[in-house]
Amino acid sequence: MNYSEDKKRILFVDDEGNILSGLRRSLRAYRKQWDMLFVDSGQEALSKAEETHIDAVITDMRMPGMDGAQLLDRIAQNHPHVVRIVLSGQSDQETVMKTVGPAHQYLNKPCEVEVLKATLVRAFSLRDLLGKSELKSLISGMRALPSLPTIYNELVSLIQDPNTAVADIGRLIAKDPAMTVKTLQLVNSAFFGLGRHISNPVDAASLLGMEILKPLVLSIGIFQQFDQDKLSTKEFSLDSLWAHSMKVGSLAKQIANLQGMEKTLIEDCLLAGMLHDIGKLILALNLPEDYSRMESLLIDQQQSRTSAEVDIFGATHGTVGAYLLGLWGLPESVVEAVALHNLPSLQAEKTFSPLTIVHTANALIHQHGTETAETSPLDREYLQTLGMLDQLDQWQSLTDEIES
Amino acid sequence: MPHDISQHSNDIRVLLVDDDPDSAEEMKDLLQRMDAQQKIEHNIVELLADALHEISQTHYDLILLDTGLADMPTPSAIRSLRDAFSYAPIIATMKYEDPELAAMWVGEGADECLFVGEMDEASLKRMVEYAIKRYHTYSNLHQQSRTHHVLNTLLSLSLKKMPFDQLLKACLDVILSAPLTDMLHQGAILVSNSDNKQLWMMAHTNLDPELVELCQRVEFGQCLCGRAAETGEIQFTDCIDERHENRTEGMSPHGHYIVPILSRGDVLGVLTLYLREGHLQKEDEIVFLQGVADTLAGIIERARTNDQLALAHQQNSRLLSSLTSILIGVDEKQRISHWNDKAAAIFELTAEQVQGKPIAECPIDWNWKQISNEIETILSNSQKPDRFDSRFKQQNGSNRLLSICVTPYNDSSGHSDGYLLIVDDVTDQKQLESEIQQAQKLQSIGQLAAGIAHEINTPIQYVGDNVRFLRDAFDDIAEIIDSQHNLVEQARTNNIATEQIDQLDEQIDEVDLEYLQEEIPKSIQQTLDGVDRVATIVRAMKEFSHPGSEEKTLTDINKAIESTVTVARNVWKYHAELSLDLQPALPQVPCIPGPVNEVLLNIIVNAAHAIAEKVGESGELGNIIITTESKDDWCVIRISDSGSGIPEDARNHVFDPFFTTKEVGKGTGQGLSLSHKIIVDQHDGELSFETELGIGTTFIIKLPITGEIN
């Protein structure tokens, strides 16, 4: 993956001077990549963000006056493109809940510089491929993705029923890509202190537990209901997008199973398959006119989807989706698979990975629905390079099973 | 219509038994010519068998029996007539004079034997009158003895222990055996329910089931029974007349005596008797029935009283057994007189096992010596509290705590008559209390836990950052030292290449040695500061929680305040600046440090919250000032905040348990009440406050310096 050569400007906010000077010193090794600013209050952070372009804010949670959550809220409003990270020693639930909306990621003190760096690098990944800063803003400004109304309503009633088992909630969440990704963002944030990546929404739900899920769903509203009427483009249907995504996800999982991948990677395949087209949703939702224009370009001029998307948005839907997932702290292999699912040959180190599987699964599913076959052709050369071409027949038969 | 008694009592019915029509005719003339006071009616039959049949059907006052009947060969044959005719006079007549035979007739049962030839009107009259008179005397005697017998049986029944309805049924059957002319073996007793003026049928004999159903409940005033109940007067009828409102289909003709059962003017019920149709009412029957009714009244009243007693007793026992307390009655000889179910359950001894035994010898694993001392003290001194606690061990070995209340029994003259122990198993309750206290403590510590984590995580973050910086800095400096070392080596050989010096300069530039030289000492200092801070917090936590110390020890209050402030730093630092003005060389105070620290924490937390409430999210900081001084024999701690002050209507309730002005979920309202208990009850100190709305509140803790140390 490519990272920008431009220096990113990162703003650190903490009321404790010693923390700031400690960070300044330990991050000194990155002074060539990053331009780092240190301020000791929320108010000062806001005025810095007014004065100069900021790429990311890393803030303490509890500070006199404006606290971290309030600061990030204001930043999200006024400077939506900014990557927002909390670095806090506070561990009470109430405070953390407040940041679920405005923060992209949550880190606990003490936090090693390397972790901090890795978090920033992943959040910045693909940022420069997005081209237009408008896209960056709209993606990092998003707090939730819309869910299917039927699933959303079912979840709300399920979560209010005292007899519900948390695993049932998890299974319901797993039916909806938007809920899945938001739940995973939460559970993978440092607050829950797991130290490992969770890709399975059922596990995620039971790790969060009812006590946390309930306020998250009911009062904080981490999930949103999709409203087709508000969408001004008629070319987009969430139902068919999610139906397709679920199919790709389940095929990817089966292929991974067949190939004997390890458990976490199998879950990554399922997740990446479910989420691979999430960029389409982001684009259709935020730039509906451009989206309609792009769809007509596809039909009229027989242009490839990738080039049409680059022409109109300056980035592919894969990049757009991947940027959000990276920003929300989802696993690297998932981010990569989503980013390059239509352009697998761009993979930096060509290995058999969730990307390989999601690309193939997506292409195979598209082949079944003939009219869209052109948009996501199978990259046989790429499979050949990995020596996986001979597996294709087996995968094809898995596809037939799923489609039937 | 009731019959006129006098009119009928004058008729005399005579049965002539004679198979000789001439002699019968003669006798009839004689009877009619007889100058009797009463009107005489007669009937003639020819055989003894006919006579027996006739008297079973119709009432006769006198039988004139011819001794020469075909079916009556010997005088002994009169026996059957005598038996059937009870005490009514039988006068035998002989056609021939034979004094010997006459004596035999009289011996076998005739009341008189007459020789027809000698008989004239006067002698017949005399005989008849005499016989009737004797008959009446006998029958009165007999009747009286039978009635007495019935009444006696009733009275003896009433003493028997049996259910009320069975008792009434037995009474009814006795009454129906009474020698009342024309009374049928049929009847009922209905008992009134005075509340709603209703009669309830409680006993009946030989009644049509349909009628039983119909007359199960009879309103006062309804039908004959209801009339008797309403008027309190005997209702008599010789047929089913219009008053007989309750009827069943195919009801056979009958008459009634309905006798009200009265007690002091109250109608307790009615006795319903059936009579052959056409029965004539008689005065003596009425008298008898009134006697029966009076006896029944006694029975019903007694049964009712018994019922009420039983009910009261039942209610009492239910009350006693539903008591969740143990009740032990002890008599003046120290023996157990009462032992309720709860006592049996808790002590695992049944009432039978202990009742009547001396309480001191009860096989209960408790400290009876202590208990009896306490009881003694309480009984001898009414001013003392009447309750105390004592331990006891159950048979399964578990220890329970009992709370025992002693109530003396005093008779009317004030003389002691034993005592009552009310014992409660308060083990669970005490446990709960101590758990609540523990939870209270844990809650205040829990409030701190998140803050303390933050207080420790923060220095660890920058200690780590600084040490990492020092590590990298050392790598850089080591490289420069190496280069310098090389340069020195080469200087020794006087062989320095200028490029090497340039290279070193470049290297120094590259690592920014000037920056490092400036930053490293600061970095080391901040690292040490961080380590210090962690150490301070850990020490303060240890001092604050004071493990193990449950007794009053001489305590440095200033230090206690400092550690509490440190532990609570995260609670106040976002809302207030906190300054300490502690009197140096403050005398040590005898106190239990743990609870006192909790009081300090509580008040500091309240102060921080009061300020937070006032400044909101403006980012302004308020002030908390804590001062100590010794004044006379007191150590005075003042904790002042610049918060919102306590509203006037809340001031009187500040120390009430469960009183809180905080929103639900924020405070239990236990903090200050508990603090008050700790300072005032545990330490003989004082806890007060001064407050002004919008200006702030000062809590003042006063602890005695010269207290006892245990």
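Glycine residues also receive a Cβ, built from the backbone N, Cα and C atoms like all the rest.
Please treat TrEMBL annotations as automatic predictions, because they have not gone through curation.
According to TrEMBL:
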DOMAIN    B:13-131  domain 'Response regulatory'
MOD_RES   B:Asp66  4-aspartylphosphate
DOMAIN    B:312-357  domain 'PAS'
DOMAIN    B:386-438  domain 'PAC'
DOMAIN    B:451-707  domain 'Histidine kinase'
COILED    B:487-514  coiled coil
Pull the DSSP breakdown for the domain 'PAS' (B:312-357) and write it out as helix, strand, coil residue counts.
22 helix, 10 strand, 14 coil
Summarise the domain 'Response regulatory' (B:13-131) by DSSP state, stating how many residues are helix, strand and coil.
57 helix, 25 strand, 37 coil
Neighbour tally for the residue listed as '4-aspartylphosphate', based on other Cβ positions within 10 Å of its Cβ:
21
Find the average pLDDT over the domain 'Response regulatory' (B:13-131) in the predicted model and report it.
79
Within the domain 'PAC' (B:386-438), how many residues are helix, strand or coil going by DSSP?
12 helix, 29 strand, 12 coil
